[in-house]
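Read the structure below first, then the notes.
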Amino acid sequence: MFIARKFSDFSQAFLYALIFLTRLPVAGLLHRVDKETIERSIYFYPLVGVVIGVLLSVAAYLLVPLGSQLQAAILLGFWVVLTGALHLDGLADCTDAYFAGHKCADPEEQRRRILKVMHDPHCGSIAVSAVVVFLLIKFAAVVTLLERINPALTDAWVYLPLVLSPMLARAAVLFLMSISEYARIEGHVPPSDPQRRWELLPIVAIGAVFGLVAAPLPVAAGIACTLPAVILFWRHLWEKAIGGYTGDCLGGLVEISEIAVLILWIALSNN
């Protein structure tokens, strides 16, 4: 009974994470939503990244006959739809908010203005520009990766960067949550108990080890050195601006981390 109950608890938490981070039609399988399920769901973010990566890899394989550029364009569109543009929205809000408040002389006024703009559903020109630039970079990265893949190869490992990118990006989110605090007074992003933040670090470590062991050594070393630096820079930026992170900061970090992993793979891999 204990094992069955624990399996049910974890499966419900995984389903909640899947529903929150993707647009996969699995809501009918979720039978329980409580505080514990929501807080436990964050432990499964890297696993959701693996699911996203596997679906991207299958789509990439099926689109091979179209050629690398059209293949990449459709794949990128599928990527955005699959995640509901959730993280792109966070990136847009972060860009808008930061540039709206970064020149404020008073730190408290800066914090208030940034949080207000983040909460505003409208996008400014700088936000649109940031999204376009990031999509162009990701498109170019995906094209480059696909052009390096031999269509005659049936080995699933050739699509590994498409799996590692979303998986490590969501592990990066957990790392940020474990070393920073939620910036808003109202609401929260789980875990709500600050003491439980440290419980995220083993999940980050497991995700990083599994991901990096599968990558070529130069790529693994590059990611191991660069991705933590990106996370710490992102943390410093928002700690200084608003005293912590928001959900939008997490979404922006996902986008930055995904692109960072793809670029590092391209730069350091021999394939």
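Each Cβ is built from the backbone N, Cα and C atoms, and glycine gets one as well.
Annotation comment: TrEMBL describes 12-30 (among others) as transmembrane segment.
If you look up TrEMBL, you'll see 42-64 (among others) marked as transmembrane segment.
According to TrEMBL, the transmembrane segment annotation covers 70-88 (among others).
Taken from TrEMBL, the feature transmembrane segment covers 123-146 (among others). If one looks beyond the transmembrane segment (123-146) by at least 6 residues along the same chain, the residues whose Cβ comes under 8 Å of a Cβ in the stretch are 60, 68-69, 71-73, 75-76, 79-80, 88, 91-93, 95-96, 99-100, 161-162, 255, 258-259, 262-263, 265-266.
TrEMBL lists 158-179 (among others) with the feature transmembrane segment.
Marked as transmembrane segment by TrEMBL: 200-233 (among others).
Summarising the annotation, TrEMBL assigns transmembrane segment to 245-268 (among others). Outside the transmembrane segment (245-268) by six or more residues, the chain places 86-91, 93-95, 97, 115, 118, 134, 137-138, 141-142, 144-145, 161, 164-166, 168-170, 172-173, 176-177, 180-184, 189, 215-216, 218-219, 221-223, 226-227, 230-231, 234-235, 238 with a CB less than 8 A from a CB of the stretch.
Here the transmembrane segment (12-30) sits apart from the transmembrane segment (200-233); fewer than 3 CB pairs are under 8 Å, leaving out pairs fewer than 6 apart in sequence. Ranked by Cβ pairs under 8 Å to the transmembrane segment (42-64), the stretches 70-88, 158-179, 200-233 are led by 158-179.
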